[in-house]
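Undergrad: Please find one structure pasted underneath; my questions will follow.
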Amino acid sequence: MSKKSYIVGFPRIGEQRELKRSLEDFWANRCSFDAVKEVASKLKSRHWNYQKEASIDFISSNDFSFYDTMLDTAIMLGAIPKRFQGLKDETLYFSMARGNKENVAMEMTKWFNTNYHYIVPELSLEDQYKLNSSKVIDEYKEAKAQGINTKINLIGPITFLGLSKRVDRGDTYELHSKILPIYEELLKEISTLDDGITIQIDEPIFVKDNDAKVLSLIKPTYDRLDAVSDNINIIVSTYFEHSNEATKVLVNTPIWGLGLDFLYGTKNIESLELIANSGKKLIAGVVDGRNIWKNNIQTTLEILKNISKTVSKDNILISTSCSLLHTPFTLKYEEKMNADIKNWLSYAVEKLDEVSLITKIFFEGVESLCEKEKVVLADNQKANASRKTSTLIHDKNVQDRVDHFTKLSRDGIYEERIKLQKEILGYEDLATTTIGSFPQTPEVRKARQEFKNGVISKENYEQQMKAYIDDCVAFQEECGLEILVHGEPERNDMVEYFGEQLKGYGFSQNGWVQSYGSRCVKPPFIYGDISRPQPMTVEWITYAQKKTQKPMKGMLTGPVTILNWSFVRDDKPRDEVSKQIAVALSDEIDDLQNAGIKIIQVDEAAFKEGYPLREENIKIYEAWAVRDFKIAVSSAHKETQIHTHMCYSEFNDIIKTIEAMDADVISIETARSGNELLKIFKEVGYKQEVGPGVYDIHSPRVPSVDEIVKQIKLLLEVLPKEQLWINPDCGLKTRKWEEVKPSLINMVEAVKIVRNELAG
Ligand SMILES: Nc1nc2c(c(=O)[nH]1)N[C@@H](CNc1ccc(C(=O)N[C@@H](CCC(=O)N[C@@H](CCC(=O)N[C@@H](CCC(=O)O)C(=O)O)C(=O)O)C(=O)O)cc1)CN2
Ligand SMILES: [Zn+2]
C-alpha cells in the first residue's frame with residue numbers, strides 16, 4: 001500500500017512535561033541551554049518513534065519548538081524587532097518571547113479559537129529579512145539520522161503575514177513580496193536534502209472570512225513556491241473550519257495536496273468535486289485533534305465513504321483534523337480515572353493507533369485486520385455504545401431546572417447599580433486592584449500535590465492555604481492596594497478547580513496541553529449533565545474577607561470560559577452545556593453575596609476564544625454566550641458589584657457584545673499594546689468601568705514607576721478617571737513574589753503620582 005496515514009503535527013512539551021521543566025530550569029539558571037537541547041532531542045526522538053511504531057506514514061519534523069512555532073518562523077525569516085537586534089541564539093529567542101531587563105516582550109495572542117498562544121511577529125517596511133534555515137534543516141536531518149523520513153512542517157507565508165503586526169503603519173500583506181522570496185530560498189534548500197520531500201505548509205488563516213485581496217495572494221504564492229523545485233511535494237493544510245474559498249484557488253496551482261478538516265469544517269465537503277477534478281491528494285482530517293473522545297470508527301468510515309464517492313480512493317490520505325498539539329499525550333499515566341470514563345477517551349498517542357486502524361479498514365477492508373485489531377474495533381464500538389446510555393451522563397433534575405430557568409438578568413440598570421455600589425464601597429477614581437491570582441509558589445503546589453496523594457491531611461493543607469492568604473492580604477494592605485483578592489492559592493487552575501467540584505465533570509492526572517511557552521493546562525472534561533453539589537469558593541473568600549476591612553473580591557470563572565477551556569461532551573450542543581454551568585454559577589454568586597461579599601469577579605478570559613472563525617456563525621454564539629454570562633450573574637443584587645476580566649483579545653469587533661454582558665467593571669489586557677485596545681471603548685461610548693492592564697504579567701520584567709505613570713496617562717487620554725481602574729493585565733500566578741512585589745508597589749506609587757498631578 002502506498003503511504004496513506006498522516007499526522008498533522010505532534011505535541012512537544014513531553015508526556016511528563018519534560019520540556020517545561022527543563023526550560024524553567026534554564027530560565028532560573030539551574031541548567032545550561034545544552035541540557036535543554038538534550039531534553040529536546042530525546043523528546044523529538046520519542047515522538048517520532050511513537051508515530052513510527054503506530055505505522056504512521058507521514059510524520060512531521062519542525063513541529064517541535066522551544067517556545068512557539070510562530071516565533072520560530074519569525075526567526076527563520078530574520079524578522080527580529082529592532083529592540084532585540086544584536087542579541088544572539090537562545091538569548092535572542094527567549095528575549096523576544098519573554099522580554100528582558102531593558103525591553104518588553106513581543107505580544108502574545110490566541111491561536112485561532114484554541115487555548116494555545118503564539119508570539120505575534122513585528123514587521124516593518126524598512127526591515128531587511130534574511131533566511132535562517134538552520135532549525136528546519138537540522139530537524140529534518142535529526143529525524144533522518146534515526147531512520148525517519150519526515151515531511152517538513154512550515155507556517156505558510158500568508159498565515160504568517162495575516163497573524164503578524166506592523167510596527168510602522170500599514171498592512172502586513174504589503175510585505176508579501178519581501179517574505180515570499182525567503183520562503184522560495186528555503187524551499188530550494190530543502191529540495192536538496194533528499195529525493196522527493198513533502199512539505200506541509202499550514203495556512204489556517206484560509207479558514208477565516210478573507211477579503212479578495214488576501215485570496216488574490218494564494219495563486220501567485222503557491223505557483224511560485226511549487227516552481228522552486230520538482231523535488232518537492234507541497235501540501236497546504238488548513239484546520240478548525242472549512243477553507244472553501246482558498247480551495248477554489250489552490251486546485252489551480254501545482255501543489256500536490258490539500259489537508260482539510262472534516263470535523264470542524266464539515267463544509268469542506270462542498271469542495272470535493274473541485275479537488276477530485278484537480279487530481280490532487282486530499283489529506284482528510286477525520287480524527288479529532290482537539291478533543292479527547294475515542295473516535296467513533298463506524299462514523300468516521302461513513303465520512304470517508306462519503307468523501308470517496310467523489311474523490312478517488314487513491315488520492316485520499318487519512319489524517320487528524322489538526323495538529324495533536326491541542327490534545328494531551330497519553331492515557332498511560334491515568335491511573336486513578338474511573339474505568340468506564342477512561343474507556344471513552346483517547347489522547348494523542350492513542351489517536352495515532354486510531355488513524356492507523358481507520359486507514360487499514362478504509363483501504364484494505366475489515367477482513368484484512370488481524371485478530372488483535374478486530375478486538376480493538378469491537379471494543380471501539382462497545383465504548384461508543386456505552387457512552388450513549390451511561391447513567392453517569394444523564395441527569396433529569398439538572399435538565400428540568402436548566403430548561404425552566406427564568407432569571408435571565410440582574411435587577412436594576414447599570415447607572416442605578418453603580419451609584420449604589422460606589423456609595424457602599426467608597427473607592428476613589430483610578431482604584432487599584434489585581435486580577436485575582438498571586439504567585440503559585442512551589443510550596444503551594446507541593447502542598448496540593450501532597451494533599452491529593454494523601455501525604456498530608458485536609459487540615460494541614462487548609463492551614464497552609466490560609467497562611468498564604470494571610471500573607472497575601474497583608475502584602476496587599478501594606479502596599480496600599482484598595483480592592484483586595486485572596487490570591488487563589490487553593491486553585492490548581494481557574495477552570496480545572498471548578499471542574500473538580502462540579503458534578504458531570506471528570507479530570508485527569510496527566511492530561512496536560514501546552515497553552516504558551518512552558519505553561520500548560522490540564523483541561524477537565526465534561527461528560528455529563530452539570531450541577532453544583534455544594535458551594536465551591538465561599539469558605540476561602542469569606543476567610544479572606546475576615547482578614548481585612550477593605551473589600552475582598554470574590555473570584556469565579558465564568559460559564560463561557562469554563563466551557564471553552566474544558567474538553568466538552570460531543571453528544572450535546574455546547575450552548576446547552578454552557579447554560580448548565582451558568583445556572584450552577586448563579587447559585588455560587590448568591591451564596592457569596594449572602595456571605596457578605598460585595599464584589600464578585602466572574603472571569604471570562606476565554607470569551608473571545610469561543611468566537612466562531614466564520615462571520616456567519618457569530619450571532620448565534622454571541623447570543624448564548626451573553627445569555628449565559630447574564631444567567632450566571634443574574635442572582636447578584638444591585639448592590640453587589642460584578643467584575644469581569646478578559647485577556648489576549650481584540651475587542652474592536654465585540655465591544656457591543658461585551659457591553660451587553662452588563663458587568664459593572666471589566667479588566668482587560670492592554671499592556672503589550674499601549675492604549676490601542678482601549679480606543680474602541682471610547683469610540684462606542686462604552687459606559688461601564690474599565691481596568692486596562694497597566695503592565696504585562698507574562699514577562700518576568702518589573703515595570704518602573706515611570707513607565708506605569710506613562711501608561712496611566714495614555715489611558716487617561718482615552719477614558720476619564722472616573723471610569724478607570726488600575727491593575728496588572730492578568731493574574732499573577734505565573735510570576736515570582738520577587739517580581740510581583742516591586743511591580744505592585746510601583747503600580748500603587750504610580751497611581752499616587754497621577755492622582756496628585758490630577759488634584760494639583
Ligand atoms: N485553563 C487555563 N487557560 C488559560 C489560562 C489559565 O490560567 N487557565 N491563562 C491564559 C494563559 N495560559 C496559562 C496557562 C497555564 C498557566 C499555568 O500557570 N500553568 C501551570 C500549571 C497549573 C496547574 O494546574 N498546576 C497544578 C499542578 C502542579 C504541578 O505541576 N505539580 C507538580 C508537582 C508539584 C511539586 O512537587 O512542585 C507535578 O505534577 O509534577 C497545581 O498547581 O496543582 C504550569 O504550566 O506550570 C498559566 C497561564 C490563557 N489560558
Ligand atoms: Zn487574564
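All residue numbers here begin at 1 and follow the chain in the order shown.
Positions of Cβ are set from backbone N, Cα and C atoms, glycine also.
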Undergrad: Which one of Lys101, Lys110, Lys419, Lys422 goes with Arg17, Glu18, Leu19, Lys20, Arg519, Cys520, Trp565, Glu609 at the 5-methyltetrahydropteroyltri-L-glutamate site, as TrEMBL has it?
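TA: 5-methyltetrahydropteroyltri-L-glutamate site check in TrEMBL: besides Arg17, Glu18, Leu19, Lys20, Arg519, Cys520, Trp565, Glu609, the record includes Lys110 out of Lys101, Lys110, Lys419, Lys422.
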Undergrad: Per TrEMBL, which of Asp314, Asp591, Asp603 sits in the L-homocysteine site along with Ile435, Gly436, Ser437, Glu488?
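TA: For L-homocysteine, TrEMBL names Ile435, Gly436, Ser437, Glu488; of Asp314, Asp591, Asp603, the listed one is Asp603.
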Undergrad: Of the candidates Glu622, Glu669, Glu749, which does TrEMBL annotate as part of the Zn(2+) site that also includes His645, Cys647, Cys730?
TA: Glu669
Undergrad: Going by DSSP, give the three-state secondary structure for Leu19 (5-methyltetrahydropteroyltri-L-glutamate binding site).
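TA: Where Leu19 (5-methyltetrahydropteroyltri-L-glutamate binding site) sits, the three-state DSSP reduction gives helix.
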Undergrad: Closest to His698 (active site, proton donor): which of the binding-site residues Glu488, Cys520, His645, Cys647, going by Cα position?
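TA: Nearest in space to His698 (active site, proton donor), counting only the binding-site residues, is Cys647.
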Undergrad: Among the binding-site residues listed here, Glu488, Glu609, Glu669, whose Cβ has the fewest other Cβ atoms inside 10 Å?
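TA: Each of the binding-site residues Glu488, Glu609, Glu669 was scored; lowest Cβ tally within 10 Å is Glu609.
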Undergrad: From the recorded positions listed here (Glu488, Cys520, Asp603, His698), select those whose CB sits under 6 A from an atom of ligand 1.
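TA: What lies within reach of ligand 1, judged by Cβ under 6 Å, is Cys520.
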Undergrad: Beyond Ile435, Gly436, Ser437, Glu488, Asp603, what residues of that chain have CB atoms within 8 A of the centre of the L-methionine site's CB atoms?
TA: Thr434, Val485, Met494, Met555, Gln601, His645, Cys730, Gly731, Leu732, Lys733
Undergrad: For ligand 2, pick out the binding-site residues Arg17, Ser437, Cys647 that have a CB under 6 angstroms away from one of its atoms.
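TA: List returned for ligand 2: Cys647.
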Undergrad: List only the single closest residue to Asp603 (L-homocysteine binding site), chosen from the binding-site residues Lys110, Glu609, His645, Glu669 by CA-CA distance.
TA: His645
Undergrad: Using DSSP and collapsing to three states, where does Asp603 (L-homocysteine binding site) fall: helix, strand or coil?
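TA: Reduced to three states, the DSSP call for Asp603 (L-homocysteine binding site) is strand.
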Undergrad: Using Cβ-Cβ distances, find the residues under 8 Å from His645 (Zn(2+) binding site) that belong to the same chain and are at least 6 apart in sequence, listing them in sequence order.
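TA: Those within reach of His645 (Zn(2+) binding site), by Cβ under 8 Å and sequence separation of 6 or more, are Ile435, Gly436, Gln601, Asp603, Glu604, Ala605, Ile666, Ser667, Ile668, Cys730.
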Undergrad: Sort out for me which one of Arg17, Lys110, His698 has the most neighbouring CB atoms within 10 A, since those are the recorded positions we care about.
TA: His698
